[in-house]
Amino acid sequence: MSAIDKHAVKQFLMSLQDSICQQLEQEDGKAVFVEDAWQREKGERLGGGGRTRVLRDGHIFEQGGVNFSHVEGNEMPASATAHRPELAGRRFEAMGVSLVIHPKNPYVPTSHANVRFFIAEKDGEDPIWWFGGGFDLTPFYPFDEDCQSWHDTAKQLCAPFGDEVYPEHKAWCDKYFFLPHRNETRGVGGLFFDDLNQWEFDKCFDYIKAVGEGYCQAYLPIVSRRKDIEFGEREREFQLYRRGRYVEFNLVYDRGTLFGLQSGGRTESILMSMPPLARWEYSYEPQTGSPEAELYERYLTPREW
């Protein structure tokens, strides 16, 4: 088995944060990320620190956050040990890059990506470790061309790791980003995986690199194609309404959000994924035959691209 190299993972994640921020700033052309570096105080339940970077009021991006964090603790939170009882009583480290981008233009999809590494150690025993992550796309006015190119990029980056990887991680994404109380997916999916340790460490690490670097390759061409489409109040209102689904998912179902809040994580960083504005409307129904109705009819159930 290849050696576990926590330092190399951390260095990659920090450089990935830098690279993604630079590419998004370049695409936006106006806004820049403002960094909020943070460190946990000694004696807190969770140690460590991170770099939260937030961009606001750009030409294209209304708000976006790209967060790096590296935290450690002596005891796992309940959300983690519930499905992994062997982690109880182990000290742990968790590090990752997580980002959500909320564009202004309703024709530009919202996007999310995350890559992370987790290790739990106990003296005299082998460490328990895994990688997780993925990326997913949430359009409000979808184009088949965009969904296809998003998934093509995902397929291509998965291919060197095995023919089964894309279909498995694509299906996992469809299942994970699903709102049971709405009976709809959050968007058109992408990749999602967790507990990745079935390969040697180096291969798992290489896959994480491919996913992290593949995010901008998948997303920025879509932004470029849609950023100049004209829109009015109707499209903006629908965008804000659909952003409400993002809020519902993150606060009710997202394991990362629950893990962060239960383990005493940094609330501002955990909730940076929230849209700056969202709205709810009682018993909303899209008009038959409208572009809004098409989202519901064609894009909010899992499909092959």
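Using the three backbone atoms N, Cα and C, a Cβ is placed for every residue, glycine included.
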Record says ASN114, VAL115, ARG116, GLY264, GLY265, ARG266 bind substrate. Source is Swiss-Prot. Which of SER98, SER273 does it list for that same site? SER98
Taking every protein chain in this structure into account, which of the binding-site residues SER98, ASN114 has the most other Cβ atoms within 10 Å of its Cβ? SER98
DSSP, reduced to three states, assigns HIS151 (divalent metal cation binding site) to helix
Here the mean pLDDT of the region 'Important for dimerization' (246-281) is 90
Name the residue among the binding-site residues GLY264, GLY265 whose Cβ has the smallest number of other Cβ atoms within 10 Å. GLY264
Relative to the Cα of HIS151 (divalent metal cation binding site), which of the binding-site residues ASN114, ARG116, GLY265 has the closest Cα? ASN114
The answer, for which of the binding-site residues HIS151, HIS181 has its Cβ ringed by the most other Cβ atoms inside 10 Å, is HIS151
